[in-house]
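As recorded in TrEMBL, the features of this protein are as follows:
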type: BINDING; residues: B:Asp32, B:Ser46, B:Asp77; note: Mg(2+) 4 binding site
type: BINDING; residues: B:Asp32, B:Asp77, B:Asp212; note: Mg(2+) 3 binding site
type: BINDING; residues: B:Thr47, B:Asp48, B:Asp125; note: Mg(2+) 1 binding site
type: BINDING; residues: B:Asp48, B:Asp77; note: Mg(2+) 2 binding site
type: BINDING; residues: B:His55, B:Glu265, B:Trp308; note: substrate binding site
type: BINDING; residues: B:Gly124, B:Asp125, B:Arg150, B:Ser214; note: ATP binding site
type: BINDING; residues: B:Asp215; note: Mg(2+) 5 binding site
type: DOMAIN; residues: B:30-140; note: domain 'PurM-like N-terminal'
There are 2 protein chains.
Amino acid sequence: MRVADVGEFGLIERVTSRLTYGPATLLGPGDDAAVIAAPDARVAASTDVLVEGRHFRRDWGSARDIGHRAAAANLADIAAMGGTPTALLVALCMPPELEQSWAEELADGLAAEAATVGASVVGGDMSSSPTLTIAVTALGDLGGRPPVTRSGARPGDVLALAGRTGYAAAGLTVLSRGFRTPRLLVEAYRRPEVPYAAGPQAAGLGATSMIDVSDGLVADLGHVARASGVAIDVRRDAFEVPPQMRDAAQALGADPYAWMLGGGEDHALAATFPPGVDLPPPWRPIGLVAAGSGVTVDGKPYTGSAGWDHFR
Amino acid sequence: MRVADVGEFGLIERVTSRLTYGPATLLGPGDDAAVIAAPDARVAASTDVLVEGRHFRRDWGSARDIGHRAAAANLADIAAMGGTPTALLVALCMPPELEQSWAEELADGLAAEAATVGASVVGGDMSSSPTLTIAVTALGDLGGRPPVTRSGARPGDVLALAGRTGYAAAGLTVLSRGFRTPRLLVEAYRRPEVPYAAGPQAAGLGATSMIDVSDGLVADLGHVARASGVAIDVRRDAFEVPPQMRDAAQALGADPYAWMLGGGEDHALAATFPPGVDLPPPWRPIGLVAAGSGVTVDGKPYTGSAGWDHFR
């Protein structure tokens, strides 16, 4: 059955009937607005949009996968402020001929990814559109701590990473060349494994800055360097290329470090910490902050792809 | 200059440099997430999406008008819960050939409408897309009161309306027939005049249910009747057709009551109040709640258009 056959209200009913709600959901879908708990009298909020053909392809992953990815991109933004996500709102624009099961499975993926951090899909909107588009807003709680911004890094700080980089970019390259393996990389692209808990953990450890690595590590550290007015140097030997990635890079004529340093969408968290902080897992040191500007790799300007501009 | 020439980050910088922030904005755009005050430890949140060709046409209003409309649709949802809006987040998908000034003026319109209630545009996302799409999420504060839902109407309650209905629908009909006047109607479509303050006012007066009239009065009262398990009767003589609407209806062969009872997007607020409540302006009684189900007009089933399904 196509979404046009079910209709807007029918589809909303089908989708919301599949959802469950965590304790932060004081009022769920079905009214003019949802109501979500904001225990410390502040709410962190972030919006990301995914456009078919630009951010995802329906033949590169299931609707459920795409739901996981769309949710992860937003939940990671909350984690990168040191917050714990509480809720997602989803605007879904669909071609009328789309199968309604696709929309239901997308919602399942969004809800399942949100549930991994105790958050819920609490509202949204649907419309027909020639272009399949998923706009997600994530809300989160900062647990009484100041938000960890991009602008607090100081010379002498340690740069640390939680989570993986390059896996999703490698998986995307594999898929775009028409392959479906290695599974490790393809699955990393389809459902990023985001170290959500590392966000509040870093805030508790006194992180001076933090960012969600979504555009590529060097590009995103560039945002931190600019906002903080510092230079950041990344140690290349802090990155270990897994065998599957090494083999895939060789087969495809790619540089695995271009994936690791330039590829986005694994949603690792990068943070800076005052010198001397004892970093528990999953945090691992990967570089240093110094006076100056810009991002270097092993002290040299990075010459690989610096990330992704969504208009170019 | 086209948005493709400015690029994603350039355009974000241009747009955010034009924004100003109200006191609820604890951290504005430029980081992974914004941080907004939620004074009573809850946040009301609602998302609406506008798709070009479906919800707006660029030749029927300026970018600024469309910004006002997109913001109004979302801010009205917060008001309809009895809340006061605090923030908007905007996901904007644009064809690469769009003039960047269009995006800037859209943001101006969004921000200006938000400012009328003290709210700010605090974040968002941009992407290229073949389809111009604006997804807006509004956040708001409930001022310590319970949210006014759609489900609390009780037999014997008085049905009341704040704001206008039918003006925007009439303006849309006028525009769709190729006319640009009467100005009253066309402007009502381009920039709805939403009685935002009537939302918290109704909550304070003890409203038992409330809804933002966006799909059409009868259709939206249908949502209230279903959610509350009651019947609602609307008095047709509670609606006065202004001369410009009467003349336009005559010229176009339209029924002005079909606009007033079936047309949406003026974002009037409809609420039910316990019998005997003294209703101050802008609230005016327009009907009654009774035991039963469904919505009637002067006791009879309504035979006009019942609203808008975005897939049909």
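All residue numbers here begin at 1 and follow the chain in the order shown.
Note that Cβ sites are derived from N, Cα and C of the backbone, with glycine treated the same way.
Whatever TrEMBL says is automated annotation, not expert-curated.
Restricting the average to the domain 'PurM-like N-terminal' (B:30-140) gives a pLDDT of 97.
Counting residue by residue with DSSP, the domain 'PurM-like N-terminal' (B:30-140) contains 33 helix, 45 strand, 33 coil. By the criterion of other Cβ atoms within 10 Å of the residue's own Cβ, the least surrounded of the binding-site residues B:Asp32, B:Asp77 is B:Asp32. In this structure, B:Ser214 is the one among the binding-site residues B:Ser46, B:Thr47, B:Ser214 with the smallest number of other Cβ atoms inside 10 Å of its Cβ.
For chain A, the nearby binding-site residues by a Cβ gap under 8 A, listed in sequence order, are B:Thr47, B:Asp48, B:Arg150, drawn from B:Thr47, B:Asp48, B:Arg150, B:Asp215. Figure note: comparing Cβ neighbours within 10 Å for the binding-site residues B:His55, B:Arg150, the maximum is reached by B:Arg150.
Closest by Cα distance to B:Asp125 (Mg(2+) 1 binding site), from the binding-site residues B:Asp32, B:Asp77, B:Asp212, B:Ser214, B:Glu265, is B:Asp32. Within the set of binding-site residues B:Ser46, B:Thr47, B:Asp48, the entry lying nearest in space to B:His55 (substrate binding site) is B:Asp48 (CA atoms). For the binding-site residues B:Asp32, B:Ser46, B:Thr47, B:Asp48, B:Asp77, B:Glu265, a Cα to Cα distance of within 10 angstroms from B:Ser214 (ATP binding site) holds for B:Asp77, B:Glu265. DSSP classifies B:Glu265 (substrate binding site) as coil under the three-state reduction. Of all the binding-site residues in the list B:Asp32, B:Thr47, B:Asp48, B:Asp77, B:Asp212, the shortest Cα-Cα distance to B:Gly124 (ATP binding site) is found for B:Asp32. Of all residue pairs in B:Gly124, B:Asp125, B:Arg150, B:Ser214, the annotated binders of ATP, the farthest apart have Cα atoms separated by 31 Å. Checking Cα-Cα distances from B:Asp48 (Mg(2+) 1 binding site) against the binding-site residues (B:Asp32, B:Asp77, B:Arg150, B:Asp215, B:Glu265) with a 10 Å cut-off leaves B:Asp77, in sequence order.
Using Cα positions, the member of the binding-site residues B:Thr47, B:Arg150, B:Asp212, B:Asp215, B:Glu265 nearest to B:Asp77 (Mg(2+) 4 binding site) is identified as B:Asp212. Put simply, of the binding-site residues B:Thr47, B:Arg150, B:Asp215, B:Glu265, the one whose Cα is nearest the Cα of B:Asp32 (Mg(2+) 4 binding site) is B:Thr47. All protein chains included, B:Asp212 (Mg(2+) 3 binding site) registers 30 other Cβ atoms within 10 Å of its own Cβ.
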